[in-house]
Amino acid sequence: MIKKAIAKVVERIDLTEAEMIEVMDQIMSGEATPAQIASFITALRMKGETVEEITGAARVMRDRATPIRVGKGVLDIDRDDINIDQETILDVVGTGGDGTNTFNISTTVSFVVASCGVKVAKHGNRAVSSACGSADVLESLGVSLDVTPETVENAIARIGIGFLFAPALHGAMKHAIGPRKEIGIRTIFNILGPLTNPAGADCQVLGVYREDLVEPLAHVLHKLGCKRGFVVFGMDGMDEITLTRETRVAEVTREGVTVRTITPEEFGFASCPPGDLRGGDAAGNARIVRSILDGATGPRRDVVLLNAAYALVAAGKATDPAEGIRLAAEAIDSGRALAKLEELIALTNE
């Protein structure tokens, strides 16, 4: 199938979701050769990946990931009705590769949101283009990455947050590592990670590194069954909601996708220069994360509050971002967010 797929994509013919599933199965099973993998993902990038192609690839990666099982069906009470449903699991994650070298915003947000009572399955990896990815900063903070899937499940169940280290849970990706490194360009694999949470997170805030990915990835999340989510791109290039400029936000609900542009000012925050959000290496970013969770004020806290607000809306803990900002501020100022970090450090080092 992959030979036929390469021939089609070279002619700029889109693949169906079913065709993409077949190709990805060949790639992730080791059936496709390195040359075929490199040719395919390069041609696909030149053509431009469609919603159907990304969705098909994400389905295969999800199916082949080591599963993190969380929740066995709980009484879910929201403002409209009462029903028995799987426990809500949230992921706050970016594609990385935005080149802005900010501190680890989504990682900081994860502890704030978890301390508000949301189950967080934080999916992440080491640095892509910055000096410090989520795995790097967590390791520097004292969180052990060398844990079993059962430990991650236990962390989410017991304390409400666990870190899903992508290389440990996506073993089938090994077949694509060589071709990806050798061609050295961004491909579909750069956007698949945030779509393939092994815990099956059904609520999400997903940051992307290009504006033209916002709406397509929102439609992918919708097709993959996301209950509520936001795909965001800061117009300064950040794969987060930014304070320096406007942010494009695509909201995903059961009904579909809506897109709008937001500004920090509409939520009561002052805009700031990019340097105010910049980070450094793992040790430096760990100090920044801890200082924010310990109550430090300024633009870094503000950007965490705004991103946490949207995460709380996605998880159903806040009706709107304004309520989310208030809840996030309370979580930090009460000490609960910092305590959540300490709990994860302790649990992963037991």
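Backbone N, Cα and C define each Cβ position, glycine as well.
All protein chains considered, the CB of ARG126 (5-phospho-alpha-D-ribose 1-diphosphate binding site) has 17 other CB atoms within 10 Å. Under the heading 5-phospho-alpha-D-ribose 1-diphosphate binding site, Swiss-Prot lists GLY94, 97-98, THR102, 104-107, 122-130, SER134, citing sequence analysis as support.
In the three-state DSSP scheme, ASN125 (anthranilate 1 binding site) falls into the coil class. Cβ contacts within 10 Å of ASN125 (anthranilate 1 binding site), excluding its own Cβ and spanning all protein chains shown: 18. Taken from Swiss-Prot, the feature anthranilate 1 binding site applies to GLY94, ASN125.
Per Swiss-Prot, the feature Mg(2+) 1 binding site maps to SER106, GLU240. Other Cβ atoms within 10 Å of the Cβ of GLU240 (Mg(2+) 1 binding site), summed over all protein chains shown, number 28.
Classification of ARG180 (anthranilate 2 binding site) by DSSP places it within a helix. Taking a C-beta cut-off of under 8 Å and a sequence gap of six or more, ARG180 (anthranilate 2 binding site) has these contacts in its own chain: ILE41, THR187, PHE189. According to Swiss-Prot, the anthranilate 2 binding site annotation covers ARG180, on the basis of sequence analysis.
Under DSSP, ASP239 (Mg(2+) 2 binding site) is assigned to coil, being neither helix nor strand in the three-state scheme. The Mg(2+) 2 binding site annotation in Swiss-Prot covers ASP239, GLU240 and is backed by sequence analysis.
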Spatial separation of GLU240 (Mg(2+) 1 binding site) from ASN125 (anthranilate 1 binding site) - C-alpha basis, Å: 16
Between GLY94 (5-phospho-alpha-D-ribose 1-diphosphate binding site) and ASP239 (Mg(2+) 2 binding site), the C-alpha gap once rounded to whole angstrom: 6
Cα separation, GLU240 (Mg(2+) 1 binding site) to HIS123 (5-phospho-alpha-D-ribose 1-diphosphate binding site) (Å, whole number): 15
